[in-house]
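Asks: For reference, the structure I am asking about is given below.
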Amino acid sequence: MNELVFFINNVVIAGSVTGSIYAIGAVGITLVFSIMRFAHFAHADMMTFGAFMVLLLTTLFPQAGQAIGVPTAIVMLPLAIVLTALLAVIIDRTFYRPLRAHGVKPIVMVIASLGVTLILQGLIRLFAGTGGQSLYVDDRKEIFRLALPIEGVRMPVVITEPQLYLFALTILAVIGLHFFLSRTRLGKAMRAMSDNPDLARASGINTNMIVAVTWMLVGGLAAIAGTLLAMDVTFKPDLSFHILLPIFAAAIVGGVGQPFGAIAGGFVVGFAETLAVFNWSVLLRPFRDNLPTWLELPGNLAFVGTEYKIVVPFFILVAILVWRPTGIFKGKVI
Amino acid sequence: MPLLDARAVQGGYGGMNILNGVDMAIEADEIGVIVGPNGAGKSTMLKAIFGLLNVTGGDIFLHGKPIQNLAPNRLVELGMGFVPQEHNVFPSLTVKENLEMGAFLKPSSSRRMLARIYEFFPPLYEKRHQPAGELSGGQRQMVAMGRALMAEPKLLLLDEPTAGLSPKYMNEIFDRVKEINGAGVGVLMVEQNARQALAIADRGFVLAAGQNRFTDTGQALLADPDVARSFLGG
Amino acid sequence: MNNQNLHRREAADTTTGTFPIRELIMLTVVVAAVGAVFLFMGPAYSTRMMVEASCYAILALGLTIQWGYAGQFNAGVMGFVALGGFSAMTFTVPVNEAFWDSDLPGQLGVALLWIVAAVVVVIGASRLDRIGVPKRLRTLITVILGIVLYMVAISHFRGVADQIEDQVEFIGGLGLPVWVGWIVGGALAGGIGYFIGNICLGLRSDYLAIATLGIAEIIKAFLKNADWLTRGTATVSPLPWPVPGPAELGFTLARASYLAITAVMILVFFLLLQRAYNAPWGRMIRAIRDNEVSSAAMGKDINHRRLQIFVLGCILMGIGGAALGSFNSIFDPQGFLPLNHTFLVLVMVILGGPGNNFGTILGAVAVYIIWVMSEPLALYVMDLAANFGHSSLGWDIPRNLESRALQARVLVIGLLITIVLRVAPKGLLPEKVRHHN
């Protein structure tokens, strides 16, 4: 049974953590795609920027959370969401809108977003340095060890405080997004613009406003994902650049332009990654004595080493592109 | 004062002029029909009025107010509605959401108008929770017209509303256009089915090569042997 | 009226064609900048900079034909550079006698055979439906067999790789001449480019960017962690040079002779690419770029042509990366960074003019100077700001100004990309589109 706990810790919990972060990240990518129709490479660094805002605020007011008993980083998150949403709108006004007005090809927008990525990364490195810093400045990262009430189980299920916040906020974000897109006037207008921008304009929808709202939403979601990622590990300037490929893979798996597909895609990619690096040998160990003697069980039965984790989203991406370019939820055909 | 008054309109795509000085005027309770051969600039004229292409010369007035080159969402605010020929619904939105998008600028009257549209196009009420992309061609055309009517326009522009429809739906659409007009909405439409359209037209405009060829009442144009020979196929 | 405009534009084209004023101005500026660097930083420093810039120019030529000639956006230049560097390392460093004298080569061979056998068996299983096995059953068999055999083969391989690392560090090089390593580097990069291009070139260009970004990271992860092959983070050095090294000639002269080699390479590539551009092949490539649908309608095999140009670009990147790796004389997989090896090259191309080879080469030199000089400049500015803040506002001077100034380069490159896209979207020397009357 200890093996089962090991599986829960290393696959169920770890996969949900990665999956949640990929899911929130991929929603942002897919929203930009559905409204502005280009692959937004700077999304990862918007996430880092959001986390950096939280770090900055937490360093300034390290005691703020203790009064109400939550980590200061969580208290500062709403403010960081606002700041990142603002940043997203400013970036659009300064860098993307002029290009859009010239009617450039989507790939030029992609290049511009690469430029924005570097600007953001440069600024963050300039101000934060290159080392890692914890978002828990004055707080302590709680680690919960839940012993299972089963005989012979010695290993506890381990889950940390930021992971619990991550799950809660992911659920909240998904519900909120669903409500926004299906119930509110702006959310429906966003879907309308994603379907048919010309008709949206002909219906009197102010598309410039929809673009601004989209960027706010994208910035806010990026701040949530980045902060929760940084709380789970530590803050680094290249925190999110490495998850650019997985979140793109997640958005494409879910069907480009499909927010809920992106969430599903995030969990697919997250769990695929964790399952691929999981050492299956552990699960087979209890049966070791029953195996025939010629079959010797190697100590490491992971599909890929952790150092090759990046291969997993890449192969998912390639497989989807080859066999089903619209993704599992029938996204836009490109 | 005419509802729509377009004078010597010039315009086109990418520096190429398609409209070479078109005049067009209709009164508030009239149906105007634009007919003419392919490439005459019929749809282009409609798009020019609705601000979808650059008007390089001439004037367009709505109720005496100059409107050339205003953005489409401003024109919707001023009381104009436009139904494109193709891609005229939001396929992944439900019928109800499609209609609501029409009232985007007037959310307060959305509920009231929704009820009127359902009354006007009963099939839409039954299908209101279905994505519009799953409907048949005729029903889509109803959704598209309903969407434009949601904003309570004074002038409705229809680009070939019967294209590709079966005769049954075609008659239905022409009946609806008459009813819409009966409710006090000016209509300007482009039609391939010239005879049927001119029959309900108060004012007909025959365009050729981006210029007015004949302008008269619908009945007069139908009776004119020149028009019949050149543009109505005998 | 329209015709008049067209004629005027053509007339303007011919005047710039006969008197290349833009080219001359830009050439003068770049030469002056190089001269200034020589003046202030000394010949040893400047020759090093010029060799690196020339290697980057080869990379930029590779990217300019992909992006400029064919409209393909490759965001994974780093991966192809790394492959070139790996090849330059593994073919040229001395043979590791300890490895070849042991029984490890045999074991490695057996492990590789295992992998080949596993692949063959799985491919065989995927064809089972041809002898009457139901398709579902075939898929099931293939998947299970694939997983099991993969596990068996990979764990066998891991064992051998661990032994190599324990006993002899790594398998060593082949001790061949430098040019062999460079050519194989190009071939290796081209091979990977063929694989990636086959999958992605038919799709929208965004996907190519994402996929190439990913493959570059995978190549880097492999080279960094395959210690048995590359020594991984322990790095391999020195790599031999194709010319006598600094020990024999002194820094300046040795680097100058290296520069002579890279300069000849650039000249050869440049002339070949110019010929190709104006040849029917180049016209066809551009026709496809400018209007895919009508080119397809004229019966041109689009995907095949697109693949050709993509692979060609990757080969150039591989060769450039190999030349750069040999010059640095150290193979350090961790040193391959998207910023230094992808985005820097991208800026060179979009600043110089995508599709304009001469502009790209000048752009490469110009941007490399900006890149190298932005660090001391940023440090100077930050020092000024810190001192001003300290004396008049009472700030504490941050300690690690040097390391932060290094990061200013990231910002500079990002700003350059966005500014060029706004101000000169076609580069400083735009591609000359000739009208054939």
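The backbone N, Cα and C atoms fix where each Cβ goes, glycine too.
TrEMBL entries are annotated by machine, without manual review.
Sharing the features that TrEMBL gives for it:
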- A:12-35: transmembrane segment (TRANSMEM)
- A:47-68: transmembrane segment (TRANSMEM)
- A:74-95: transmembrane segment (TRANSMEM)
- A:107-128: transmembrane segment (TRANSMEM)
- A:164-181: transmembrane segment (TRANSMEM)
- A:209-233: transmembrane segment (TRANSMEM)
- A:239-256: transmembrane segment (TRANSMEM)
- A:263-282: transmembrane segment (TRANSMEM)
- A:302-323: transmembrane segment (TRANSMEM)
Asks: Does the transmembrane segment (A:47-68) come close to the transmembrane segment (A:107-128), meaning at least 3 CB pairs under 8 Å for residues 6 or more apart?
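Replies: Touching, yes - the transmembrane segment (A:107-128) and the transmembrane segment (A:47-68) meet the threshold of 3 or more Cβ pairs under 8 Å.
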Asks: For the transmembrane segment (A:209-233) and the transmembrane segment (A:263-282), does the number of C-beta pairs under 8 Å, pairs 6 or more apart in sequence, reach 3 or more?
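Replies: Answer no, regions not in contact.
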Asks: With the transmembrane segment (A:12-35) as the reference, find which of A:164-181, A:239-256, A:302-323 contributes the most Cβ pairs under 8 Å.
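Replies: Answer, by Cβ pair count: A:239-256.
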Asks: Which range out of A:164-181, A:239-256, A:302-323 gives the transmembrane segment (A:47-68) the most CB pairs under 8 Å?
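Replies: The listed stretch sharing the most Cβ pairs with the transmembrane segment (A:47-68) is A:239-256.
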Asks: For the transmembrane segment (A:164-181), what are the same-chain contacts with Cβ under 8 Å, counting residues 6+ beyond its ends?
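Replies: For the transmembrane segment (A:164-181), the nonlocal Cβ contacts are 16-17, 20-21, 23-24, 27, 71, 74, 144, 187-188, 190-191, 217, 221, 224, 228, 231-232, 259-260, 263.
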Asks: The transmembrane segment (A:239-256): which same-chain residues, six or more beyond its ends, come within Cβ distance under 8 Å?
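Replies: Distant Cβ neighbours of the transmembrane segment (A:239-256) are 18, 21-23, 25-26, 28-30, 33-34, 39, 41, 43-45, 47-48, 51, 117, 121, 225-226, 229-230, 233, 262-266, 268-270, 273, 310, 313-314, 316-317, 320-321, 326-332, 334.
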